[in-house]
Each structure stands twice: as C-alpha cells, then as structure tokens.
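Step one of this worksheet: look at the structure below.
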Amino acid sequence: MVVCSVASGLSFGGTPRGVIATLCFFRFWLGFGIGGDYPLSATIMSEYANKRTRGAFIAAVFAMQGFGILFGAIVALVVSAGFRAAYPAPPYSQDRAASLVPQADYVWRIILMFGTLPAALTYYWRMKMPETARYTALVARNAKQAAADMSRVLHTEIEESSVEKTAVLAGEEWGLFSPQFARRHGLHLLATTSTWFLLDIAFYSQNLFQKDIFSKVGWIPAARTMNAVEELFRIARAQALIALCGTIPGYWFTVAFIDVVGRFWIQIMGFAMMTAFMLGLAVPFHHWTTPGHHTGFVVMYGFTFFFANFGPNSTTFIVPAEIYPARLRSTCHGISAAAGKAGAIIGAFGFLYAAQDPHKPEPGYPRGIGIRNALFVLAGTNFLGTVMTLLVPESKGKSLEVVSQEVADDEEAAQNYMDAAFREMFECALYRGLCNWTRMYSFSRFA
C-alpha cells in the first residue's frame, strides 16, 4: 500500500493513455494490498474482542473509514484551493484549453500520494501485533505460542495447559470446498457475498455520479462554467459536507447500536431505508430539480448515505468476520469483500454510462437511461439486498465458536472460559484496530 500509493502519484507516460495505463497498474497492486487488509482488520478485532461488545469494536474499526473519507475530501480541498489561488484560469466555456492549466497535473498526484501517510503509520503497529491467539490455538495448534502471545499482550502469565483446552473446541477439520462447508456455511457465503455485491453497486455508483447529481439540482454550477481545479474544489466541498452530515454519523450509529439491535436488523433496516430514499429521490425527481427544492434533495441524498453506513455498509464488513470458523474466517471475509468490489466495478462503470442523458449525453458517451431511471435501478438493487439479508444469521451475543458452528449451543457454557481469556485483550486491540483501518484505502476513496 505504501509503495503503490507513491507509485500511483508518479504514474508516467508520454500520452494520456500511457498515464492511465500505469495508474491502473499501480492501483491494481494497491488493491491487492487492500484486499489483504480488509479481512485482517476485521478478523484481528473479532478474535480479540469478547462476545458482548464484539460488534461495536469491529464497527469502530470500520467507522474510521468515515474519517478517512472526510480527510480525503479535506486534502482535496486544501490542495485544489492552493492551486486555484496560485494558477487562476478561465472557465471551460470561455477558453477550453486554458481552463486546464498544466500545473493541474500535480493536483491529483499529490492527493493520491497523501495516502502513503496512514499506510506507513499502520505498518509500524501491524508489525508489532502477534497473531491472534484463537488462530494460533485453534488452527496452528500451537498452544505454547498462543500462551506466550497472550502473556506478552496481557502482561501476565498464561498457563499453556489452559490454552490447550481451546484446541478441543476446533472440532473436525474441513476445507472451503468440502461438503461439510457447503452444508454448514454454503448459504451464509451466498448471503455475505451477494449482500456486499448488491450494496457496493449502489454505494459506489452513488459516489461516482455525485457530481452529476449536484450539478443537476444546482448545488454546484455546471461544469462548463468552471475551470478544472475549481470544479475539483467544489465537488470536494460538497462531498465533505455529505461525509460530515451523513456518512460519519451513520458509521457511529452502528457502533452504538449494533450490540443492542443486532447485525441482521440493522442490515435489513439499512437496505430498506436506502430503497425508500432512492424511490423518494427518483419518483419526484423533476420536482427536486426545480429551483427552491434543491436543499430537500441534498438532505434526502445524505440520508441514503446515513442508512448505508448505519446499515449494510458496516454490517457486510462485520458479519463475515464472525460467522465462519477460525481456519476459514479471513478467507471467507476476503471472498465476500471481493464480491463487493465486483459490485463496485459494475456501479462505477455501469452507472457512469447508464446515468447519461438519453437525449444529450456527454461527449464521448452513448445515450443512457438518465439519472432518474438510474435511481430506480439503484432502488431495485437495494431491495434485492433486503431480500438476500434474510439468509444472514444473527451473531449478536454469541461466541465466535458457537456462531460458526464449531461448538453446539449446549456447549457454549464450556466455551465461555475462552472469551474470558481473551476479554482483557480487546482494549489494547481497540487502539490497534482503529490504527489498522486509518489507512490508504480510506484516504483515497475520494480520488
């Protein structure tokens, strides 16, 4: 992540196509690193925390992404404001060539390279963390190492014999493609992959054509009336307000209520409310685009982000870290996250074309179905997410071994000593977990 953040900003080429090609190359390998961090951040926290507050702590790790999104917008604001003042330019409608000053090429590069800072800070704490004791005891079957790691974290002596008891709970071993996994967790994997996939179609498409929506309702001027740096500044300002008023509160509502309401009901509510607000935007869309009603549109649009984050954007990250057995937990979480990014690709590319005006598309794009119809499609996508959530099991208040079916419910009392052994570890894991998630991905989502 550190290397590819820097390399993204240094993307080279003699033509625009060459720059984009090298940028895509470095972003691919950046995604490779992020793909490892997603399951690690969730699994580390889930295996350190106790069952009573586990959801809140995993949600707190993910909620740091909200501050990353906000900080990414702030970085874009500061950089674009500096270049706007230093290199004034006429709007696009007056002088097409002069509206894009040569120095603007540095703006996006600087923004991308800022992502190096959180990734580099994360590296220090990540290297100091031992493997989770659950993995070492249940998967690696190394009770001695697990006891030593727990002693080092808790600063107290842990008996190896007490840790050896945890290995008994691991049960028989079977792989990802085994009949046992299909029988026990096949529907669960379908649920976590499909809901994350459907969520990211809606979530990333919303992010992508924010500027089109903001322009359509008059919240920012038409692109032709601004130069390139001015447009970046205004879009970043609008996105910062959405993050501050909708995105961040939604994340922390999840932290507050996830262990009270439960994962299942928060995800159902989030998808249902996103569906309702999308329909509320789409049905009277022409009303929202008339003067005097723009503020109402932005408020409703902000609520879709609020319920995305006080809903499936948080829970799709949390649930896969809890419901699978220890030896497959991070693998299944990674598969679920990858399905989400497949949805993000569809959201990013599909709706970029779909939202084009059916009569007057932007230059270089074919005719689309328009923003109003695209909002209807997003509402349908969110409704499908509501339906698929019915397959998601509730993990609130259950130990990891019980919810993953490694032990039966009537054995939970015997398993409670395991949570007790790890309970003290979650406080230091909170600090480390929050640091782990304040990283490049969050800072670069705006870019």
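From the backbone N, Cα and C atoms, a Cβ is placed for every residue, glycine too.
For 1-397, the entry in TrEMBL reads domain 'Major facilitator superfamily (MFS) profile'.
Annotation comment: TrEMBL describes 18-36 (among others) as transmembrane segment.
Annotated transmembrane segment per TrEMBL: 57-86 (among others), in sequence order.
Taken from TrEMBL, the feature transmembrane segment covers 106-125 (among others).
According to TrEMBL, the feature transmembrane segment maps to 240-258 (among others). Tertiary proximity for the transmembrane segment (240-258) is limited to same-chain residues at least six positions away from its ends with a CB under 8 Å from its CB atoms, namely 55-56, 59-60, 62-63, 65-67, 69-70, 73-74, 77, 210, 266, 298, 301-311, 313-315, 318, 396.
The transmembrane segment feature in TrEMBL is assigned to 264-285 (among others). Residues 195, 199, 202, 254, 257-258, 297, 300-301, 303-304, 307-308, 310-316, 319, 371-373, 375-376, 378-379, 382-383, 385-386, 389, 392-394 of the same chain lie 6 or more positions beyond the ends of the transmembrane segment (264-285) yet place their CB under 8 Å from a CB of it.
Under the heading transmembrane segment, TrEMBL lists 297-321 (among others). Within its own chain, the transmembrane segment (297-321) is flanked in space by residues 38-39, 42-43, 45-46, 55, 58-59, 62-63, 66, 192, 195-196, 199, 202-203, 206, 213-214, 217, 219, 242-243, 245-251, 253-254, 257-258, 263, 266-267, 269-271, 273-274, 277-278, 280-281, 288-289, 329, 332-333, 336-337, 340, 385, 389, 392-393, 395, which lie at least six positions past its ends and keep a Cβ under 8 Å from the stretch.
Within its own chain, the transmembrane segment (333-354) has Cβ neighbours under 8 Å at 31, 35-36, 38-39, 42-43, 189, 192-194, 196-206, 208-209, 316-317, 320-321, 324, 365-366, 368-369, 373-374, 377-378, counting only residues six or more beyond its boundaries. If you look up TrEMBL, you'll see 333-354 (among others) marked as transmembrane segment.
According to TrEMBL, the feature transmembrane segment maps to 374-392 (among others).
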### Task
Could you give the residue numbers and ranges of same-chain residues that sit at least 6 residues beyond the transmembrane segment (374-392) on either side and whose C-beta is under 8 angstroms from one of its C-beta atoms?
187-188, 190-192, 194-195, 198-199, 201-202, 205-206, 209, 263-264, 267-268, 271-272, 274-275, 278-279, 281-282, 285, 312, 315, 319, 351, 354-355, 368
